[in-house]
């Protein structure tokens, strides 16, 4: 019998192959039993609902109430424990949810460039955070709202039977497993190579009751869930209060505008993600270097530099190159640079799509000296706008059936994803075989003009981040 790890890898490869065979915008070739209710859980739900008393509720504390700061180290430790307890089925479920998140993320990324317009700065989007936010809302949804959310999450249903319904608890647990698999890899030497923290803020109008089972269910996705109440009648003031609260609690750069909200909004559902990746063997150059925003404009930016054997591929037909820089054994940073700066939009369309990971098979080892900007990026976006740009159903319109979240009238003002993304040097140890590289054969790769990037984890087949850098000093 093959070892469990080999069997798992083989099964994941099959999942990837099946996904690659799917055509069109919707991908249904998956073992959906991993994420839907089975007959046993349906029977348990039916028994639990028979004569069940009303779910207990509570009114969130005011936003000005004192709150302890988020302990990111403790968060990482919890994720490592989650990863350590995963069995084979858990890992398969995480891989499947990772792929579903990729498909949704690519679709939204491919369409919402119209919302951004021409990006002159830098921006970053998280497919897993988008999927997690929508799965969290699905946890609180009923009837047609739940149907629509299940459809956009990529899981079809044949009828109204329980066994066709997405199991929100399985999905949210799998999303936490996806995070844990990424973080745990860099902890073998007790030094965190990767940091990934997720915090959910549930902001309600004063007096609105939240159901306790809903908030408790969110803890399957992230242990830090912050329900708070505030007045939405002055939207600018409310946005400032939310920003101040989140920055005080997390210390991260955040962004809340409430642009899509109205004075009668009763809910802002916000997901905040902080990622920090340390590039092993890289160092920060002593002086800032030129980064060419276009043919005539440059800015001085901090640059990282490192040398090693990296996976690389140059596409001479479509004029772009890819360099894969490892964070850990299975997690990596993908750097995509057009050979000509004017081709950035074209290359983005070629690489950030559902079958884009196929070109990873073409990568091969190459001795490389890589120079690239040190990245500190912040991106915030309202999923209501992104889904509209992606021409998806009006899932997040203001009037939703969220009766598993609250029995009170819900009017959604904002569904925010806020990303704080950092890449920095880790000079503790050099990259592999640096001193053995034959200098004349070393390829110089310098990212001093617009480029694309992605953070990919093969262990969960998950693209955690997709980004575009036209100017490292400016957030789009």
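From the backbone N, Cα and C atoms, a Cβ is placed for every residue, glycine too.
Annotated in Swiss-Prot:
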SIGNAL    1-24  signal peptide
CARBOHYD  38  N-linked glycosylation site
DISULFID  42-162  disulfide bond
CARBOHYD  161  N-linked glycosylation site
CARBOHYD  295  N-linked glycosylation site
CARBOHYD  319  N-linked glycosylation site
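Structural mapping of features recorded in Swiss-Prot.
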| residue | record | Cβ neighbours (10 Å) |
| --- | --- | --- |
| 38 | N-linked glycosylation site | 14 |
| 42 | disulfide bond | 17 |
| 161 | N-linked glycosylation site | 11 |
| 162 | disulfide bond | 16 |
| 295 | N-linked glycosylation site | 9 |
| 319 | N-linked glycosylation site | 15 |
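Residue 161 (N-linked glycosylation site) and residue 38 (N-linked glycosylation site) are 11 Å apart (CA-CA, integer value).
Note: the CA-CA distance between residue 161 (N-linked glycosylation site) and residue 42 (disulfide bond) rounds to 9 Å.
Taking 42, 162, 319 as the recorded positions under consideration, the smallest Cα distance to residue 295 (N-linked glycosylation site) is found for 319. Separation of the C-alpha atoms of residue 42 (disulfide bond) and residue 319 (N-linked glycosylation site): 53 Å, rounded to the nearest whole number.
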